[in-house]
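Feature annotations, courtesy of TrEMBL:
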type: DOMAIN; residues: 103-566; note: domain 'Amidase'
type: ACT_SITE; residues: Lys158; note: active site, charge relay system
type: BINDING; residues: Ile207, Ser233, Ile254, Gly255, Gly256, Ser257; note: substrate binding site
type: ACT_SITE; residues: Ser233; note: active site, charge relay system
type: ACT_SITE; residues: Ser257; note: active site, acyl-ester intermediate
Amino acid sequence: MTFFSQPEIEPTDAVKFAEFQPLIDKYNREKWDQMERFDPEFYRLCQEKIPSAAELDSEPINARVFVTEPGLLSDSEREIVNELTIDDLLRKQLSRELTAEQIARAYIKSAIIAQFATNCVMQFLIPSALERAKELDEYLREHGELLGPMHGIPISLKEQMGYEGQPTTASYVSLIENVVKKSTVSNQIFYKLGGVYHARTSQPQTIMHLDTWNNIIGRTRNPCCTRLSPGGSSGGESAMVAMHGSAIGIGSDIGGSVRCPAAFTNLFGLKPTTKRLSSMNGVSGSKGQESIPSTEGPVARSIEEIEHYMNVYINQGKPWTYDPTSLPIPWEIAATAGSKPRIGILYTDNLVTPYPAIKRAMTQIAQHLEPSFHIIDLSDAWFTEQEMLSIYSTNLSLYTVDGNKSQLEVLLPSGEPLLPLTKHFLNFGGGKELSVYENRKLNILRDTARLSIFEKFFSRDAPASLQLDFILSPANVAPAEIPGNSKYWGYTSLWNLTDYPNVVFPTPCKQDPQQDILISESLNKNEFEKMVWYKQDGTINYNPTDYTGAPVALQLTGMRFQDEKIVSAVKKICQILDISRR
């Protein structure tokens, strides 16, 4: 099957879109006005000290220094947002060393810095966040205890997550006045546990890019290197958390949308097994598509904070009491990866060769892990190129089984122009609408791939199984991508197709233009590798200096419903590699 060869879909209507422009302007003006009203002098200082949008877009600026270095935040504010973990913030509130309001104000300031530097915010919730923080302080004074295990913790939300009484656009221009009546289950749970919501972050048009760019607020930048992409579709979350603008963020993942942003911005991200968390009451063009379900997941600065999130969400939040599709499976706090787990190392998926920095990191990390893990090279055991072509083709077709009707019915009313990666997504599967029969046949191929992975790599009973505990693989072909360049999803979307859970974690490696040059690499030259590695004129589409400063992350995958063991293994890996909180 050939992909991306169909005529481009172009529902753009300039006249319609012009009618929405005043609403877009109003939407953005309200955000910037809210930022300025919070602290006019601080707002002015940010304008002075943070480079212009043009400079941030064109230069490899490390925007995190605006939060970590003196100049914009006070010493106490920098300590709150840079040094104190979620556990520290809870403890210091209980001991009365900090108030929820002090924490909220510090994080609102760092979130404002994040917006100036990375353009990651769709909507601020500053007045309600401050009111909430004051209520929590009053609760602690009256009761002598915290409201819950997220008491006073500033949490950012991917904007597609419905928020009661607020417009929820999912980055569709036509939904700019779509005020929802009910918050997502996750929002309800963390509010009940004491969370403070202060910012709702950006996602791409249609939410189906591994990048973050939409027609409402524009492009979101990578804090590690502002001319690069923060990934997508939860790229606003990754930018916000990487800028220390929230203590933890909530994203969603249907093809890599938590893991890719976490990888690109030097963070931790978890894609849980589906149905362990709830996605109810979110806004998306993929609702009703059951072949590859989306799942929510955390974006965090440490693996311990991922663990805290999952523990309190599941064991105290009990999502199945809100959402009948959520499975009542407790989070096993004591779960371990075992004394010497077996890790399969997947250097390449045999479809698209990763960039040199990824290969270098994989090799180095495997060597460092060998004393503590059984290391098994999967080069000869993984699926062949032809097998992967079949699996990935199934993957792509299942995203667009309705011929994009669900997306187009939300795009058409505004006439908004289609961004290049939106056109790319809409041509998954050639943009063809499938019959129920064809959809069911693809579901069988999906289930066959899931079973094959289990029997080849994880099963304890299948005769030829490698009996692995985990698979270590790239999180993406690139360490972090040039905006608009993230076209291959295979390293993450395979695990959405087959519903195996993963954690993405940072490594000590970064792109090095001197080391990460392309030396006579053997490229398979199938259509997906050509799409990534070659320009239209047939020359190589890779310049090592374009990625200077980009962090390199890897992905650890385990068996379904053993998410806890993956988190435990990543904790062990972080200890071995001395990977500290970001």
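Using N, Cα and C of the backbone, Cβ positions are placed for all residues, glycine too.
Quick caveat, the model's predicted, so the values are computed rather than measured.
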Lowest local Cβ density among Ile207, Ile254, which the record lists as binding-site residues, within 10 Å: Ile254
Span of the substrate site, taken as the largest CA to CA distance across Ile207, Ser233, Ile254, Gly255, Gly256, Ser257 (Å, rounded to a whole number): 11
Rounded to the nearest Å - Cα separation of Lys158 (active site, charge relay system) and Gly255 (substrate binding site): 16
Residues near Ser257 (substrate binding site) in space but at least six apart in sequence (CB under 8 A): Ile207, Leu210, Gly232, Ser233, Ser234, Gly251, Ser294
Residues flanking the substrate site, with Cβ no more than 8 Å from the Cβ centroid of Ile207, Ser233, Ile254, Gly255, Gly256, Ser257 and excluding those residues themselves: Met208, His209, Leu210, Gly232, Ser234, Ser252, Asp253, Val258, Cys260, Ser294
Ser233 (substrate binding site) in three-state DSSP notation: coil
Listed binding-site residues (Gly255, Gly256), ranked by Cβ neighbours within 10 Å, top entry: Gly256
Reduced DSSP assignment, Lys158 (active site, charge relay system): strand
For Ser233 (substrate binding site), the number of other Cβ atoms found within 10 Å of its own Cβ: 34
